Amino acid sequence: MPSSTSSSSSGNIFFDCATQQQQAQSSSDNGSDNNTTAILLMQCVSDYHEQQSNDREQNLRSFLLIICGGMIFFMQSGFAMLCAGSVRLKNVQNTMLKNLLDACGAALSFYLVGYALAFGGDYDYNNLSESNSNPTSNSTTTFVGTTNFASVGPSSAYWFFEYTFSATSVTIVAGTLAERCQMAAYLAYSVALAGFIYPVIAHSIWSNEGFLSRTNYSPFMDSGVIDFAGGGVVHLNGGLIALYATLVLGPRRGRFYDPQGEPLINPQPFPGHSVALQLLGTMILWFGWFGFNPGSALLLVDNHEFGQVAANAAVATALSGASGGITALFTNLWWEERVTGEPKFVIQMAMNGALSGLVAVTSGCAVMEPWAAIITGVIAGWLYMLSSTILIKLKIDDAVNAIPVHMVNGGWGLISTGLFASPKLLQLTYGNADHPGFIYTFNNNDGVEANLLLCQFCAILFILGWTFITMFPFFIWLNYRGWLRADSLEELVGLDVSYHGRGTHGSEGGEHVQKEYIDAYNRYKSTIRHRHHGQNNSNPDRQQASTVEATTTALFPQHPNNANNGTGTEASGSNSFAMQQHDEEQQQQQQQQQQENLLSGGQQEQHDDLDFNKIK
C-alpha cells in the first residue's frame with residue numbers, strides 16, 4: 001500500500017505542476033513576468049522531493065513495524081518455552097499447544113472483530129504517527145471503534161503490529177491455567193479476549209477517540225493516560241484475567257489439599273521439569289521486549305525524533321529488566337541465609353525478577369530517565385517476591401507466576417510512570433510536557449499537581465472493572481457447564497496422555513506416569529467424555545461416575561507434610577522461599593531416584609498408601 005500511495009502522490013504533483021506551468025505560460029504571453037514559470041517549476045521540484053521524502057519515511061516506518069511486530073510475535077515462543085519448562089513432564093505437550101492456539105485464535109478473532117473495536121476510527125493511515133500525535137479538533141470520544149470489521153484496514157503493517165500485542169495479552173494466561181484446563185475452554189477464552197475484551201481497553205487508552213487516551217483532542221483530566229507500550233493494556237489486562245480464571249478453576253490436585261480435602265501444612269511443590277527451557281523462554285521474551293517497547297515509537301512520534309525515543313525506550317527496558325532480576329536473586333539469597341543458614345542462588349527468582357522489571361517499565365519506558373527505570377525494576381523485583389508468597393498463602397495456584405509478574409507489576413508500571421515521567425522526555429515523545437510525573441512537580445512554579453498520577457490510577461481501575469465484569473462471569477459460566485476444568489483422572493494421568501493420546505516423548509506416557517494411573521484412566525475414559533459433553537445427567541451408569549471419583553482419591557498419595565493430620569502447628573507459618581526450595585529439591589531427588597531404578601532394571605517404587613482394590 002505505501003508504494004501505490006507514493007505513485008499516486010507523485011503523479012498528482014506532476015499534474016499540478018503541468019497545470020500551473022500552462023497557466024504561467026499563458027500569463028507570460030499576455031506580458032506577465034517570465035520569471036513566474038521558473039519559480040513555479042522550482043516549487044514543483046521542491047514539492048516533489050518533499051513528497052518523496054515523506055513517502056520514504058512512511059515506507060521505512062511500515063517496514064520497521066513489521067520487523068518489530070515479528071520480534072513481538074517471537075515472544076510467543078518465549079512464553080511457550082517458559083510454560084513448558086515450568087510444568088511437569090506429563091503436561092508439556094498440552095501446555096505448548098495452548099500457546100499455539102493463542103496465536104491462532106487471536107489472529108482470527110482480532111481480524112474479524114477486535115481490530116475494528118480497537119482502532120476502527122478516524123485515522124490518517126498513510127501518516128499514522130501524525131494522526132496519533134495530533135488528532136483533529138472534530139475527533140469524538142467513543143467507547144469502541146465502528147469500522148474495518150473483518151478487515152486489516154488501510155494499513156496492513158499497522159494491523160499486524162497491533163495483532164501481536166493482542167496475542168501477547170492472550171498468552172499470559174496460558175501458564176497460569178497449566179495442567180488442569182480443558183482445551184476447548186482455553187480456545188474460547190482466547191477468542192473472547194482478543195476479539196472483545198482487549199480491544200475495548202486498547203481503544204480507551206491508545207485510540208485518539210479513547211476517553212483515557214493521551215492523544216485525545218480533549219484528554220482526560222487535561223493529561224490522559226501514558227501507557228507507551230502496554231503495561232496496562234497488555235500485561236495488567238492479561239494478569240487480571242489470569243487471576244479470575246485461577247480463582248474459578250482452583251488449584252491443581254494435591255497442591256494445597258490432600259485427597260480428603262484437608263489443607264496441607266506446607267504446599268506440595270510441583271517443580272518444572274526443565275530449567276533450561278525456563279531460561280530459554282526468559283531470554284526469548286527479553287529479546288522480544290526490544291521490539292515491544294521501542295517499536296511503539298513508530299506509531300506515537302510524529303517527527304524525525306522517533307529513533308531517539310525508541311533508543312530511550314530500549315535503554316530503560318534493559319536497565320529495568322536487569323535491576324529486577326538482580327534484586328530478586330540477591331534478596332532471596334539473603335532470605336535463604338537468614339532462614340536456613342545456607343544461601344542459595346535460585347535461578348527462578350532471577351528469571352521472574354527480570355520479567356517483572358520488563359513488565360513494570362513497559363508503560364513508561366519512553367518517558368523515564370535511566371535512574372528511574374532502575375528504581376522501577378528494583379521495586380518490581382520486590383513486588384514479585386512479596387506477591388508470589390501472598391498467592392501461596394491464599395492457596396491460589398499459579399503454575400508460572402504470571403499473576404505476580406504481569407498483574408502486579410503491570411499495575412506498578414502504570415503508577416511508576418505517573419511518578420517518574422520526565423518533562424524533557426514527555427516533550428520529545430508526545431510534544432508537550434504539561435503534566436509530568438509527580439516527583440517533578442515539586443519544582444514546578446505552579447505548585448504540586450498529580451493529574452498524570454491520578455489518570456494512571458483511573459486506568460488501573462478501568463482495566464480491573466472491565467475485565468471483572470466480562471471475564472469473571474465468563475469463566476464461571478464455563479465452569480458451571482463443566483467445560484473449564486479437566487477431569488480428575490485426566491489431571492492425574494497428565495493432559496498429554498488424556499488429550500493427545502501420547503506422552504511428551506512420543507510414548508504412551510509410561511516413562512513418567514504410573515501404569516495403574518493410565519489403566520484407571522483408560523477404564524473410565526468413556527464416562528469422562530460424557531462429563532465433558534455435559535451428558536453425565538443422562539448417563540445410565542451413575543455408579544460408574546462415582547467410581548471415577550473414588551479411583552481418583554485412591555490414586556493420589558498422601559503428602560508427607562500431612563502425616564500428622566494437621567496437628568503439627570509449628571510448621572504452619574513456615575511458607576518461606578527457603579522451605580519451598582527445600583521441598584522442590586526433595587521432589588526432584590525422588591523423581592531422579594525413580595528414573596535410576598527404572599533404568600537399572602530395578603523394581604518400581606511401591607505405593608503402600610494406594611488402595612488398588614478401588615481401581616479394579
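Just so it is clear, glycine is given a Cβ too, placed from its N, Cα and C backbone atoms.
Quick look at what TrEMBL annotates:
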TRANSMEM  63-87  transmembrane segment
DOMAIN    65-502  domain 'Ammonium transporter AmtB-like'
TRANSMEM  99-118  transmembrane segment
TRANSMEM  157-178  transmembrane segment
TRANSMEM  185-206  transmembrane segment
TRANSMEM  226-249  transmembrane segment
TRANSMEM  270-289  transmembrane segment
TRANSMEM  309-333  transmembrane segment
TRANSMEM  345-364  transmembrane segment
TRANSMEM  370-392  transmembrane segment
TRANSMEM  399-421  transmembrane segment
TRANSMEM  450-478  transmembrane segment
COMPBIAS  556-579  compositional bias 'Polar residues'
REGION    556-616  region 'Disordered'
COMPBIAS  587-604  compositional bias 'Low complexity'
COMPBIAS  605-616  compositional bias 'Basic and acidic residues'
Among the ranges 185-206, 309-333, 370-392, 399-421, the one whose Cβ pairs under 8 Å to the transmembrane segment (63-87) are most numerous: 399-421
Residue numbers, six or more beyond the limits of the transmembrane segment (370-392), whose CB comes under 8 Å of its CB atoms: 267, 315-317, 319-328, 331-332, 349, 352-353, 356-357, 359-361, 364, 398, 401, 403-405, 408-409, 412-413, 416, 419-420, 422, 575-577, 580
Per Cβ pairs under 8 Å, the stretch of 99-118, 226-249, 309-333 packing most closely against the transmembrane segment (345-364): 309-333
When counting Cβ pairs under 8 Å to the transmembrane segment (157-178), the leader among 99-118, 226-249, 450-478: 226-249
Local confidence of the prediction over the domain 'Ammonium transporter AmtB-like' (65-502), expressed as mean pLDDT: 91
